[in-house]
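**Q** So TrEMBL lists the following for this protein:
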{"type": "BINDING", "residues": "R21, E84, K123, K452", "note": "(6S)-5-formyl-5,6,7,8-tetrahydrofolate binding site"}
{"type": "BINDING", "residues": "N229, T248, I250, T253", "note": "K(+) binding site"}
{"type": "BINDING", "residues": "229-234, 248-254, 273-276", "note": "GTP binding site"}
{"type": "BINDING", "residues": "S233, T254", "note": "Mg(2+) binding site"}
{"type": "DOMAIN", "residues": "219-373", "note": "domain 'TrmE-type G'"}
Amino acid sequence: MEETIVAPATAMGEASIHIIRLSGPDSARIIGECFVPKSKERWSLQGNFTLYLGTFKDGERVLDEVLISKMSAPNSFTGEDVYEINCHGGPFIAQRILNTCLRHGAHLAEPGEFSKRAFLNGKLDLVQAEAIIDLITSKTESSADLALSQLSGGLSKQIMDLREKILEILAFIEAGIDFPEDDVESLDRNALNYRIEKAISITNDLLKGSKTGKILREGLLTVIAGRPNVGKSSLLNALLKEERAIVTDIPGTTRDEIRESVNVGGILLQLVDTAGIWESEDTVERIGIERTWAALKKADLIILVIQANVPFSEEELTIFQTYAEKVIVLVNKIDLLNNEILSINNIEHWIPFSVLLHQGFDKLEEEIKRRVYQGEVKNYSEPLLSNARQISSLEHSYTALQQAKSSLNSLMPWDIISIDIRQALQYISELTGHNVQESLLEDIFSRFCIGK
Ligand code: GDP
Ligand code: ZN
């Protein structure tokens, strides 16, 4: 970490300002060589957190009038000496300044390298580091709030507490191994059981919240299903037009299906458009039909559109029965019912709807929110685990704790139990970054942009 790194911290188009960020042991020297402060007296005071106005020079040549922010080690973002050069927002100007820093000995930073240094210097844990990427890429208010709450460290604290508990269990077991007296032993087993159960319950709570967290972060994979002409495309278009539509390229999106992201009541829906597939079902498109079923299976949510007072088709019924827990039934075109009474056989909950008259959208939004929050989470700024890697580590840890509990209950020797607890500790440490492989770090930080 001896190198000093430099990178543009802003997107390099035309803008009012650009920021070039320098971090590392040589950054003070580089700034000293290139920056001429307007007020020499102020500069000589050398505060640790200060802004300075002046000119940035390459030799004798003035490149721009700039504002320098100085943030000294160890209290900067990276924990190193950091200087940010605020220059005028021409890409050409920023590039010249960047090149000058490189010529004076800085190295171009890799994506995420500033954040990686912040992590390695103990300024951030991995949960917080990953929250930064999420914050930058968040597409709804609720996913941004969620990332912010993770960044602020509330979630990290809960996980650190859990890790602490597991460490205590290990210490407790070690003590038990040291004093294997029989009557003390039986007493201790109860105490140990209590401690393990406590850790399991904390893990369980974190995992419960993570379901909501993951949805807020990644959105709900949503399939609009229904037979031809019921109004699927009309609904899709209305949602895209009404709600702020966001076109995104979400990692993991397969190429053969079109996904549109739409923000419904603060929840991101990734709408999978299988309309075409459904509509081609008459033309013996077996592959298409199979794909639709695959999409339905994968979906987090199915919006099944049926038409008012048209009996259920066999297919609609099958969808409803197979996926009852994730289907919302919209009965569309209620505007066509003059004075007929709307009757739906077979199902209890459905939403009367009319794309044409714009009826039912509120109810749909309510129903989606109800399902996401399930009455358990009222506030999205509550810190929730949302990241798939972190959730997987926690799940592994949960399994190891369960294993420890069952070893304990089947009266296994303590050193066997301690193996399970060590395993649980290993997974939790991976989550927070206490004990993590270099390749995983590289993988995480390479998802950041340059300059972050
Ligand atoms: P899809 O085949 O399921 O995608 O159905 P479309 O969205 O293409 O709609 C089929 C027809 O139904 C079109 O002519 C729409 O204008 C019409 N339609 C859609 N929603 C409504 C509605 O709420 N009321 C009425 N009366 N017509 C609708
Ligand atoms: Zn259609």
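Note that Cβ sites are derived from N, Cα and C of the backbone, with glycine treated the same way.
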**Q** Cβ atoms within 10 Å, counted per site: which of N229, S233 has the most, among these binding-site residues?
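**A** By the 10 Å Cβ neighbour count, S233 comes out on top.
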**Q** Can you list which of the binding-site residues R21, K123, N229, K232, S233, K452 have their Cβ under 6 Å from some atom of ligand 2?
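**A** The qualifying binding-site residues are K232, S233.
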**Q** Give me the count of other Cβ atoms within 10 A of the Cβ belonging to E84 ((6S)-5-formyl-5,6,7,8-tetrahydrofolate binding site).
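**A** Other Cβ atoms within 10 Å of E84 ((6S)-5-formyl-5,6,7,8-tetrahydrofolate binding site): 19.
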**Q** Measure from each Cβ of the binding-site residues R21, E84, K123, N229, K452 to the atoms of ligand 1 and list the residues where some distance is under 6 Å.
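**A** Within range of ligand 1: N229.
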**Q** Find the one among the binding-site residues R21, E84, K123, K452 whose C-alpha lies closest to that of N229 (K(+) binding site).
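**A** Nearest by Cα distance to N229 (K(+) binding site): K452.
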**Q** Average pLDDT across the domain 'TrmE-type G' (219-373)?
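**A** So the average pLDDT across the domain 'TrmE-type G' (219-373) works out to 77.
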**Q** Near the Cβ of K232 (GTP binding site), how many other Cβ atoms are there if near means within 10 Å?
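**A** Other Cβ atoms found within 10 Å: 25.
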**Q** Under DSSP, is R21 ((6S)-5-formyl-5,6,7,8-tetrahydrofolate binding site) part of a helix or a strand, or is it coil?
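**A** It is in a strand.
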**Q** Just to verify: the residue among R21, K123, K452 with the fewest other Cβ atoms within 10 Å, which of the binding-site residues is it?
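**A** K123, out of the binding-site residues R21, K123, K452, has the fewest neighbouring Cβ atoms within 10 Å.
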**Q** In whole Å, how far is K232 (GTP binding site) from K123 ((6S)-5-formyl-5,6,7,8-tetrahydrofolate binding site) when you measure between their Cα atoms?
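**A** Distance between the two Cα atoms comes out at 49 Å.
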**Q** Would you mind reading off the Cα separation of K232 (GTP binding site) from R21 ((6S)-5-formyl-5,6,7,8-tetrahydrofolate binding site), to the nearest angstrom?
**A** 49
**Q** What three-state class does DSSP give S233 (Mg(2+) binding site)?
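**A** Its secondary structure by DSSP: helix.
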**Q** How long is the line from the C-alpha of R21 ((6S)-5-formyl-5,6,7,8-tetrahydrofolate binding site) to the C-alpha of S233 (Mg(2+) binding site), rounded to the nearest angstrom?
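**A** Spelling it out, the Cα of R21 ((6S)-5-formyl-5,6,7,8-tetrahydrofolate binding site) and the Cα of S233 (Mg(2+) binding site) are 47 Å apart.
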**Q** From the Cα of S233 (Mg(2+) binding site) across to the Cα of E84 ((6S)-5-formyl-5,6,7,8-tetrahydrofolate binding site), what is the distance in angstrom?
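**A** On Cα coordinates alone, these residues lie 49 Å apart.
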